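Features of the protein shown, as given by Swiss-Prot:
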BINDING   Gly130, Thr131, Asn132, Gly133, Lys134, Thr135, Thr136  ATP binding site
Amino acid sequence: MSGLPRSVPDVLDPLGPGAPVLVAGGRVTGQAVAAVLTRFGATPTVCDDDPVMLRPHAERGLPTVSSSDAVQQITGYALVVASPGFSPATPLLAAAAAAGVPIWGDVELAWRLDAAGCYGPPRSWLVVTGTNGKTTTTSMLHAMLIAGGRRAVLCGNIGSAVLDVLDEPAELLAVELSSFQLHWAPSLRPEAGAVLNIAEDHLDWHATMAEYTAAKARVLTGGVAVAGLDDSRAAALLDGSPAQVRVGFRLGEPAAGELGVRDAHLVDRAFSDDLTLLPVASIPVPGPVGVLDALAAAALARSVGVPAGAIADAVTSFRVGRHRAEVVAVADGITYVDDSKATNPHAARASVLAYPRVVWIAGGLLKGASLHAEVAAMASRLVGAVLIGRDRAAVAEALSRHAPDVPVVQVVAGEDTGMPATVEVPVACVLDVAKDDKAGETVGAAVMTAAVAAARRMAQPGDTVLLAPAGASFDQFTGYADRGEAFATAVRAVIR
């Protein structure tokens, strides 16, 4: 379809034919937003402070503007559509809010266009969020829907953007959404939504933990609300949900209205009186986190009528994504696991607790999160720790307090060489990769090579050398995938 209806439904207000819309951000999301707005007859102007990002838009004949100029002109726009990376504190968005100009994200735009019938009959949105496990759960959900014979598309923060899939013939959308996306999607009301867990994360973007939690809670405002009962924050959100149907899931035996585990099988007592879904042993994701992900996905799939057999088939054949508890190698009785996607302390704790004896490679950008509770919970599993990245001193401090007997090595590189150790970790326990890094090797690769070598020296047969960093990767790597690949390369080198 093309063109907005002349009589604009309330769900699209203030977006109408010819409406002046400021697109904040000229990168991939901004390109998709500008294309959709143009297609439906609005008048977009693209804002970015990088001229390189604006050039393709200008070549397509779209007006472009810098952030500072856009702030001065903000009252001339009916709407701002922001890319997820723009926080509310960004001067441009703060100016829009002060001027009373509505701010949507790309997900909000997609939701409203879909709800208005601009792409045909609206789809049913099944939305997954949480601090950890979103991608695995959403992928499992999509596999369950397909196994059940449903026309479903995987999208959101995984795969394709929602705006990019609305032309596809689908009845259901399996959507992974981050807190950034949800913050700018205030009207989202999914068919069913799940909050897996809530832990400190992205506090450099959200002003407070309360704001982060409130963003996550938006997925529980539709018809069916699903949340993890073993997580106190997620359970509290479920208690406050306005959804007509509220479903919890837990690792223990489920009560009526819940999914859980009984006799080593997943059981549904929410959408059936007492339905056995599948054996825990068939879940390919290791540890309790894999069981929780499968329970959440099953709850959403059951909410739209997917039968137990299809759920079991999907889980049995499911393959975990790269850099998510991925076994890289087993050598000399030591298992090397890449969980580079564990980018916050909550995820790292879940990862460590999946194994009995762990040499933990950790560190990076903590984004304001504390590790103390997590390190205390995992201390009994740790037989060694190798710390990397900008915020490694915070990890060292938590280990010193909660796991003082665990040997610790810090790997230092580049601009960090002037501060090689903390009080808790003496200079003798620091590896300076700047002294002998290989020609042409990136800092990240050199750091990981040293880290894996140190971890190998600590490990004994039966141990797991686990990359579960608890932090973001951008201080030394281009992303979590780059960090995971560096780990795999280093492992292959050390076991040769």
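Heads up, the Cβ atoms here are built off N, Cα and C, so glycines get one too.
The number of other CB atoms found within 10 A of the CB of Thr136 (ATP binding site), across every protein chain shown, is 28. In this structure, the binding-site residues under consideration are Thr131, Asn132, Thr135, and the one with the smallest number of other Cβ atoms within 10 Å of its Cβ is Thr135.
Residues Val128, Thr137, Leu196, Asn197, Asp293, Ala347 surround the recorded ATP site, their Cβ atoms falling within 8 Å of the Cβ centroid of Gly130, Thr131, Asn132, Gly133, Lys134, Thr135, Thr136, which are themselves excluded.
Under the DSSP three-state reduction, Asn132 (ATP binding site) is assigned to coil, being neither helix nor strand. All chains included, 24 other C-beta atoms sit within 10 angstroms of the C-beta of Lys134 (ATP binding site). Its own atom aside, the Cβ of Gly133 (ATP binding site) has 27 Cβ atoms within 10 angstroms in the protein chains shown. All chains included, 28 other C-beta atoms sit within 10 angstroms of the C-beta of Gly130 (ATP binding site).
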